[in-house]
């Protein structure tokens, strides 16, 4: 119901019966926003005056930054650290060690996805954790290598560690600037269907990239199809031992994952005895620690076989011991000649600007996708609480800048790792401290043993982890809810598989925006023949959303066609027009001129003052009505009932103004009421603003 029908006795007589093509003007019913149409224009004017008299904006902004509330908001550790208890410390310690033992094999495995030496997966898994302790807002979130970050790093950096580290450094600063300018809302432009299709494509691509380690074949190319074609061409060189080990590891990991979800005894924990609880904890621990347990067992077996001179499997290779040195990321690549003896290819040198050119639009895509992944992980465990996207951007940006100083590549907040953290009983973000310490201890004391880890085991770890990121469970709900979203998700999935990942996601987002623009360009227009209490008939046209440039011509054609087919005055019910622009103003001006040339009255009912100001900027002679009295008066004029008494006109006008809440305050502040033929201008005056609001009665 519109404003005109809710508050006054204008009754619908009958639906308009015209020959207008219904299919041509059938628009979308979505994106209807109902706003408060009683906004006081005077109040907005006063607010402008108050703002102009206020102090300098920069001074106020700086004052807001350096205050206690802002400090607590931007350093969340001050909120939970004073309340930290012994119980919190025990929970964080257990969760940190548990997740840390999970991060080590994942970090080693994801470095292969990124096309980097094995140690880089661990270099980017400890400093980010330390930073997140200070700046992070989500207790369950952990910072480290993820499938999405690793795959994007591979496709942008092309397997060169110098580019990967510089990408981490620059994207970290970009995320910091995004947080300063509060650009966290950009994640809203990636819809759920697009995100589901993108995540599923990443899972398929990452799994494909690790099949080469399981089968022991060559795999080249940046897209899904290119990798499969390359592997099929080299299938004759398959390594049987690696294939058997890899397949067995995948089966074992999936079985242990299922085992970790089993529970014995009563479902309610209060009804379980100590035996049930003990067995359930052991089963859960085996499910959580399956990656670490498998790596330890396979590494021990491989070490024994190697000591016997039996080289059955392709191994990870040498991993440098100790922590990486602190240094700025490389801002250039020094040329290095080829070494045919050791099979080292030639490396061409690159300047800083050449490196930036090679990174290309990955500098924009990587932070956007990282923000989407981080916010998704936080929302998964927020339990309905609001997420501070600005603070999360700042935390992840600072974490990646810190990672780049230790030669680490991109680190994001992973959903799978965060789920393990949550299930381990984490209490505060301090658990990230223990995760970082576990990774550092592994680099210092266990790096020499990483040499014996079979690559097929690392490939099995990744495949068993990412295969569950395929969003097949959203197909049925999308089909029941809105099938066009399912089409959009499938498009995103196929685009990311066929094209490079960063191009595929851009294509999917672009198509999604086209869907939105189409709905904006085809609003639903309601055409009705109505009559007032005075039995004055008129044609009522009600758009259901804002009038902006995509929909301007569509609405114009409808109004003109309706006006030509009926001699009744046309009333545009502007209740739902909550926004407009210059293009729409030009269209409205042309419509008014066209009606005026045909001496056909067109009235704008309940048009928001802010929108009226846009239309009047092009000197459009609008007839504005905000209540039934003024509307009836205009309709009488059109039907030849105009009152020739000037005094009565002034009296009626003042009475109408008094009744209308929109202009009550203006009447109290009036200076003059003048008559200019058929137009009454109601002039008001503020301290330094003198403006007349045309209110044609």
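Backbone N, Cα and C define each Cβ position, glycine as well.
Checking the ranges 457-475, 533-551, 552-570, 571-589 against TrEMBL, the transmembrane segment annotation falls on 457-475.
Annotated by TrEMBL as transmembrane segment, the relevant range among 120-141, 142-163, 164-185, 186-207 is 164-185. A contact between the transmembrane segment (89-108) and the transmembrane segment (238-256) is absent, since fewer than 3 of their C-beta pairs, 6 or more residues apart, lie under 8 Å. Beyond the ends of the transmembrane segment (164-185), by six or more residues, the same chain brings 114, 116, 120, 124, 153, 156-157, 328-331, 355-356, 359, 362-364, 366-367, 370-371, 375, 389-394, 396-404, 407-411 to within a C-beta distance below 8 angstroms of the stretch.
In the predicted structure, the domain 'STAS' (540-619) carries a mean pLDDT of 88. Contact count against the transmembrane segment (457-475) (Cβ pairs under 8 Å) is highest for 238-256, out of 238-256, 282-305, 431-451.
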